[in-house]
Amino acid sequence: MNNIVVFAGSSDPYLVKKICENLSIKPSQVKLGKFSNGETSISIMESVREKDVYVIQSGCGHVNDNFMELLILLNACKTASASRVTAVMPYFCYSRQPDIPYTAKGAPLISKPKEKYTFESHPGTPVSSILTTQRPTSPGARRAVEDILETTIISTLSLEQPIPKKSNGGELHKSPSQSRIPMVPERKENSSEMGSFFNANNAGYKLWVAQAGTLIANLLTTAGADHVITMDLHDAQFQGFFDIPVDNLYCKPIAQNYIQYNIPNYQDAVIVSPDAGGAKRAASIADALELSFALIHKERRSQLPKGPPDASLTSGGGAVLSPKPLVSTSLNGPLSSQDMNPSSSKYVQTTMLVGDVRNKICIIVDDLVDTSYTITRAAKLLKDQGATTVYALITHGVFSGDALNRVSQSAIDKIIVTNTVPQDKTVSFLGKKRVHVLDVSRIFAESIRRIHNGESISMLFEHGW
Amino acid sequence: MSSNSVKLLSGNSHPELAEKIAKVLGLSLAKIGVYQYSNKETSVTIGESIRDEDVYIIQTGTGEQEINDFLMELLIMIHACRTASARRITAVIPNFPYARQDKKDKSRAPITAKLIANLLETAGCDHVITMDLHASQIQGFFHIPVDNLYAEPSVLNYIRKNTDIANTILVSPDAGGAKRVASIADKLDLNFALIHKERQKANEVSRMVLVGDVRGKSCLLVDDMADTCGTLVKASDMLLDNGAKEVIAVVTHGIFSGSAREKLKNSRLSRIVCTNTVPVDLDLEIFDQIDISPTLAEAIRRLHNGESVSYLFTHAPV
């Protein structure tokens, strides 16, 4: 192929190598590094004048570093007179703001890795499932308080030690305690800050988390990207944020392929969407394979619970349920902020399964696993409802925080994930038997080839490659 | 008419400086939550209404691990304020990141400073306040007004108060800084010397030549930033070898990355002074700091009231 130049960002050189193998070319030489003050340094070692340049960088790992590196690379190619610069982002960072679990301030609630996860959705489904919320076994103990915190999903409170630690020998990301960027608010500032966030003067103001989507799109354009290739965008509307062409590839063909060839008796399986947002994506796979379809639905009602005590999920709601000694200890601690956020205690979250999964194989289909709360809860719910085997079919496996720990202890029997984000850690943590990695390099290679040659890429949407 | 009051927002890069600026202005920092998701994406929550307000976001370029995180924080905060209908957004960036990558010094080298300027504008920034830009031409990279403040008045005050002026000579550690040093020498009515260095790689210095006589003098090495401190330490050795009595280094941006701390500890510098444009974590006895928050605060006040900022180029407010 003439006049094509492919650069690998530092996020996933292995995927780039595979894409280039499929294109029968070699990745071009670029030196990526950092100056001693932390600024990103790049030097492009071969000419890109009048070339068609592709820069491949996934939005994983140290996201902001990788994203800046991508911007600088795009800009350097542009200023070095490349004829066209295409950003290839297998996983598009900032395409989604995590929905659960997060504190009222928008920061995610990060739990410590535990020896035992409950995977309870709170409350349990209104259907016939058994309520299995763990009661604290040793009242008054610090550990028990933590248990309650753990089982309280939208607790506005922080944990004493929010940073996931290594456990089970699994290598989670390194402790960011030396970082000046807080992961979640510390308790001390939390109580005062939360108080001021919700004080009377501020009563009319509803907190919101800034959505960075448009910004990221504009930054890429500003840096000089002429074209963007990505896969399974969380929101298809994201394409509209750009003023340049965006090719959103689909993982669906290879996913379908996997189901047909690797899941025994797939004809009897049920495709499950773990939330309403992903229903369309899951339904399209179910339609294509003529399988039945189920949906897990979460809703927040502004009403106090009438049901069993475990059915209340509120900030501080856990404390109300717990034995007296716990309440008194917690009053000095983080739980005391329950009275600061009275609005959230009116909300009740219910989870329900729409569809019948009894004695069926379930395939959870989702585009992204990050903290893994959604799919591990979904798997638990499906098993409770009588599913025999639970597969999870995921496009982007980010697995941040203690996600791998959660997945390994969850009811998910097998997780199938693509390599848009490097999955070495996932495979080594969960073992080859529980993880299958689908290779997307051929799809990306073919789309690069077609875009370079000015051919249509729409057939890639329907047929795998 | 609307109130259009000042809102001060601080990122995570230098909260102490933001606090100081807020204190000088008699304001409190706006409630804002800037956190990192477990997947390392940045999350910004603005805790109060900023509709139709004059917003100042204080974020400096610092951190060996987090410089890009802080930059993204700044961009997301600017964008968040823009979408929240702020009237005017001013980025206060005491130490402008990537300022040294400001030219295409070899083939296909990125002009990252220009990129950063474009990114800030794209995010929705209306105005930039910065201090001692590595090259003042960076101002020209922007299509929005940039106020490049000088630490010089504060530095002059420090020198007048804390050094023996009579027997002092000013030294520029490289030719690029000659102008800056000459200007200080003029104001103090002192002589100045120059060290010419040949650089082969970034962050590495090869050979140095001293121009001027420093025998028996107390030398003031002045530069805009101290990063790995290779230059400063070598220059001080050279000055002492040439008969200088003592060497004091005064820099604006004390980045002190890599092995700077060890180098300084083992150096023969009698003092190292920097401003607080970046947070400094040096527990050395020879270390001293100049507070420039009054200058930044006064610039914010003047900008908000539509007054001239040029007074600050020659005077340091207290």
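Note: Cβ is positioned from N, Cα and C throughout, glycine not excepted.
Per TrEMBL, the stretch carrying the note region 'Disordered' among A:28-48, A:301-321 is A:301-321. Here the domain 'Ribose-phosphate pyrophosphokinase N-terminal' (A:4-98) has, by DSSP, the following mix of helix, strand and coil residues: 28 helix, 26 strand, 41 coil. Within the model, the domain 'Ribose-phosphate pyrophosphokinase N-terminal' (A:4-98) carries an average pLDDT of 94.
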